């Protein structure tokens, strides 16, 4: 029996690269879609916020001397490309994915309309939110916290390359241990980088828990959905 009925899955753009240095790795995205399909078949309503860092990162563009707002808009367009790739992979897996974008591009995707998104979720469709919040200076983590709050998700599932939040960087400190659960306040006091500060604060204020887990670990998403000991749960 799934532990959650409606979830917001945050996928980083980098996760779509697989072992490649850039772009979208088809086998990687197909594997992600198969994981998503499995939980959809359990009756879980799934919304996805996707990043664009595999194609372009607004922060990096700004740091290189580009106007930050322009760079962020370019990053939003990168998320649109990823969202369309994810939707296409879902079609091949016989799942109906609908892309809703915070930036209008009506010939390609639907605009973000909250009641429509909720209706599509209730119909068993996977809703993919593209273009972040539609505003520069806000990350796709913040978009995940915002959309998760708007659609009434029970939890934000932050899919990363590590299997949770650790006491220290496990790559640098072999003695680092994974937190099974941790409170928002404790994560702040220990300066643990779960999400960026704006996203983290929004989740805390809305009492929206976050589960950090590895998207690269086989069956991890299903284990999270079933309430098993996978990743790290950040709670109020």
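Just so it is clear, glycine is given a Cβ too, placed from its N, Cα and C backbone atoms.
Features as listed in Swiss-Prot:
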BINDING   10, 11, 12, 13, 53, 57, 160, 166, 169  ATP binding site
BINDING   52, 72, 133, 134, 135, 136, 137, 138, 139, 140  UMP binding site
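Positions of Swiss-Prot features highlighted on the structure.
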residue	record	contacts (Cβ under 8 Å, 6+ apart)
10	ATP binding site	48, 49, 51, 140, 141, 144, 156, 157, 158, 159
12	ATP binding site	51, 53, 140, 159, 160
52	UMP binding site	13, 75, 76, 77, 78, 79, 81, 82, 140
133	UMP binding site	102, 142, 143, 146
135	UMP binding site	102
137	UMP binding site	68, 69, 72
139	UMP binding site	132, 196, 198, 199
169	ATP binding site	176
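The UMP site is defined by 52, 72, 133, 134, 135, 136, 137, 138, 139, 140, and by the 8 Å test on Cβ atoms against their centroid, the other residues of the chain that qualify are 58, 75, 76, 131, 132, 142, 143.
Secondary structure at residue 160 (ATP binding site), as computed by DSSP, is strand. DSSP assigns residue 135 (UMP binding site) to coil, not to a helix or a strand. As a whole number, the greatest separation of Cα atoms within the UMP-binding residue list 52, 72, 133, 134, 135, 136, 137, 138, 139, 140 is 14 Å. Residue annotation for ATP gives 10, 11, 12, 13, 53, 57, 160, 166, 169. The furthest Cα pair among them is separated by 25 Å. Its Cβ placed at the centre, residue 53 (ATP binding site) has 20 other Cβ atoms within 10 Å. Following the DSSP three-state reduction, the secondary structure of residue 52 (UMP binding site) is coil. Over all protein chains present, the Cβ of residue 160 (ATP binding site) has 19 other Cβ atoms lying within 10 Å.
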